[in-house]
Amino acid sequence: MRMRSCLAAPVALVAAVCLLLPAACLAQLQVGFYNTSCPNAEALVRQAVTAAFANNSGVAPGLIRLHFHDCFVRGCDASVLLTVNPAGGPTEREAPPNFPSLRGFEVIDAAKAAVERSCPRTVSCADILAFAARDSVNLTGNTFYQVPAGRRDGRVSNASDAIQFLPGPNSTAQNLTDGFGLKGLSTEDMVVLSGSHTIGRSHCDSFLFRNRERLANGTISPAYQALLEALCPPNTSPLTLITTEIDLSTPTVLDNNYYKLLPLNLGLHFSDDQLIRNATLAPFANAFAANETLWKEKFAAAMIKMGNIEVNTGTQGEIRLNCSVVNPGSSAAGIEMLFPAGDATADEVATS
């Protein structure tokens with residue numbers, strides 16, 4: 001695939017995204033946040049992502065998903081990157097919704113190393129992850145958008161929070177709308193962001209068994225299910241590493257073909273199929289199937305909106321030196337006992 005510079009993206013799309021975003025959404029973050037303190041920050045992240053993408057195009061969907069899974073648990077604070085929970089217990093990245101499927105950690109580490117060499121102790125891991133997701137969208141879909149920055153990194157990462165807040169592949173329409181609503185995202189945002197499934201792969205355990213029920217009620221193509229049954233072993237488990245493309249037609253291109261496959265009963269997950277079975281969701285899915293430009297404009301706007309979920313700013317949290325561990329001296333172990341997930345005070349109490 002030919003890689004395109006973000007500078008080549010249509011100016012009209014960027015302008016359209018700005019019109020779609022409410023002013024309050026960007027109140028805490030700022031486009032060009034590092035213009036003075038680290039003017040090459042975004043370029044360094046882009047270089048790391050582009051180099052990794054040239055080696056393996058699968059890093060792009062991995063980074064988009066990594067950003068999504070970060071923002072939905074304790075907000076966009078890079079807590080999903082932590083390998084050690086200072087409060088004890090397993091981290092988000094060890095939770096079943098994330099392990100072993102999450103990927104792209106090494107790309108974030110490479111980007112962080114490059115940024116630290118240029119601007120020590122300045123750019124948060126949370127912002128690097130948001131930039132990397134944007135660059136992945138651009139590399140796969142030629143869709144560029146400005147990322148408001150100024151996030152600070154969190155100090156708590158619990159597997160139980162990931163299990164509680166991340167929507168799964170077997171979610172019903174109601175589960176999906178409720179879960180996104182809890183994070184301030186609309187029903188339309190949910191359908192829009194589901195379109196990221198147009199790139200990437202999924203593990204057998206996330207679709208095989210629920211799809212047997214779909215086969216019985218006629219909501220998945222028998223030929224498609226036969227292919228999946230041939231691919232996945234009968235003893236499939238959460239640790240089965242076999243994967244398949246989510247989008248059969250253009251699995252490496254961020255386009256609207258995901259929506260076009262759903263009416264053909266070719267949605268891989270039960271949750272994908274829900275978009276056309278629900279009377280509220282179907283009009284959105286049909287509109288995006290008919291108009292790729294519309295979907296891309298709304299997708300960019302929804303990514304920015306998602307990137308604003310429960311962010312730490314100002315003196316909250318810290319600027320992590322190593323994205324996989326909190327800074328020396330951080331005292332999250334005691335803080336987590338006082339403030340559960342969803343309470344921003346936990347990161348505000350122990351400021352860096």
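Note that Cβ sites are derived from N, Cα and C of the backbone, with glycine treated the same way.
Features of the protein shown, as given by TrEMBL:
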type: ACT_SITE; residues: His69; note: active site, proton acceptor
type: BINDING; residues: Asp70, Val73, Gly75, Asp77, Ser79, Glu92; note: Ca(2+) 1 binding site
type: BINDING; residues: Pro167; note: substrate binding site
type: BINDING; residues: His197; note: heme b binding site
type: BINDING; residues: Thr198, Asp247, Thr250, Asp255; note: Ca(2+) 2 binding site
type: DISULFID; residues: Cys38-Cys119; note: disulfide bond
type: DISULFID; residues: Cys71-Cys76; note: disulfide bond
type: DISULFID; residues: Cys125-Cys323; note: disulfide bond
type: DISULFID; residues: Cys204-Cys232; note: disulfide bond
type: DOMAIN; residues: 28-327; note: domain 'Plant heme peroxidase family profile'
type: SIGNAL; residues: 1-27; note: signal peptide
type: SITE; residues: Arg65; note: site 'Transition state stabilizer'
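Features as recorded by TrEMBL, highlighted on the structure.
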residue	record	Cβ contacts under 8 Å, 6 or more apart
Arg65	site 'Transition state stabilizer'	Leu102, Gly104, Ser196, Gly200
His69	active site, proton acceptor	Val80, Glu92, Pro97, Asn98, Leu102, Ala162, Leu166
Asp70	Ca(2+) 1 binding site	Cys76, Asp77, Ala78, Ser79, Val80, Leu81, Ala126, Leu129
Cys119	disulfide bond	Tyr34, Ser37, Cys38, Asn40, Ala41
Cys125	disulfide bond	Ala78, Leu81, Ile108, Lys112, Asp153, Arg320, Cys323
Pro167	substrate binding site	Phe72, Asn175, Leu176, Gly179, Phe180, Ser271
Cys232	disulfide bond	Cys204, Leu208, Thr240, Ile242
Asp255	Ca(2+) 2 binding site	Gly141, Thr198, Glu292
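Summary: among the binding-site residues (Asp77, Glu92), the fewest other C-beta atoms within 10 A of the C-beta are counted at Glu92. Sequence-distant contacts (6 or more apart, same chain, Cβ under 8 Å) of Thr250 (Ca(2+) 2 binding site) comprise Thr198, Asn257.
Ranked by how many other Cβ atoms sit within 10 Å of their Cβ, the binding-site residues Ser79, Thr198 place Thr198 at the bottom.
A gap of 17 Å separates the Cα atoms of Cys71 (disulfide bond) and His197 (heme b binding site). Residues Thr198, Asp247, Thr250, Asp255 make up the record's Ca(2+) 2 site, and a Cβ search at 8 Å around their centroid adds Ile199, Ser249, Pro251, Thr252, Val253, Leu254, Asn256, Asn257, Tyr258 from the same chain.
The Cβ neighbour count for Cys323 (disulfide bond), using a 10 Å radius and every protein chain shown, is 23. Straight-line distance linking the Cα atoms of Gly75 (Ca(2+) 1 binding site) and the residue listed as 'heme b binding site', rounded to a whole number, equals 21 Å. Rounded to a whole value, the Cα-Cα separation of Val73 (Ca(2+) 1 binding site) and Asp247 (Ca(2+) 2 binding site) is 26 Å.
The average pLDDT computed over the domain 'Plant heme peroxidase family profile' (28-327) stands at 97. Gly75 (Ca(2+) 1 binding site) has a Cβ environment of 24 other Cβ atoms inside 10 Å. A C-beta separation below 8 Å, combined with a sequence spacing of at least six in one chain, links the residue listed as 'heme b binding site' to Ile246, Asp247, Tyr258, Leu268, His269, Asp272.
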